[in-house]
């Protein structure tokens, strides 16, 4: 092998190594910014197609309905705890901050946060539904995939 071919081989190897390193770093950076969507039932029993359950500490988005009677507010701070549910199960959520104006018991929400021990979500963001007939698209898609509809929502007679 002559010197010219050797130089070309080294250049090609260096370019491939640089490309592999760049792809690896990009994927590593994106991994920490990806929030996978789950329903409460998928957190409890795993994704239907893969049976993969989320890990403690994983960032995720969870969509479901706020369970009537589950909202508890701390009178001394903005801390709120509530339960969200779907046709297969329920998970507890803690959130510290101002809730959206449309947040109510029996309404659809999507929370974004981290999974903690005991199927508890520490929410960083809470998104509420827009009208009475609205179900978050992710929740509706997941429930259609399960061939189930949301559990019946109990209406507050005072409203």
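Including glycine, each Cβ sits where the backbone N, Cα and C put it.
Per Swiss-Prot, the features are as follows:
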type: TRANSMEM; residues: 9-29; note: transmembrane segment
type: TOPO_DOM; residues: 30-159; note: topological domain 'Periplasmic'
type: COMPBIAS; residues: 134-147; note: compositional bias 'Basic and acidic residues'
type: REGION; residues: 134-159; note: region 'Disordered'
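Averaged across the topological domain 'Periplasmic' (30-159), the predicted model reaches a pLDDT of 81. Per-class residue totals from DSSP over the topological domain 'Periplasmic' (30-159), listed helix then strand then coil: 17 helix, 45 strand, 68 coil.
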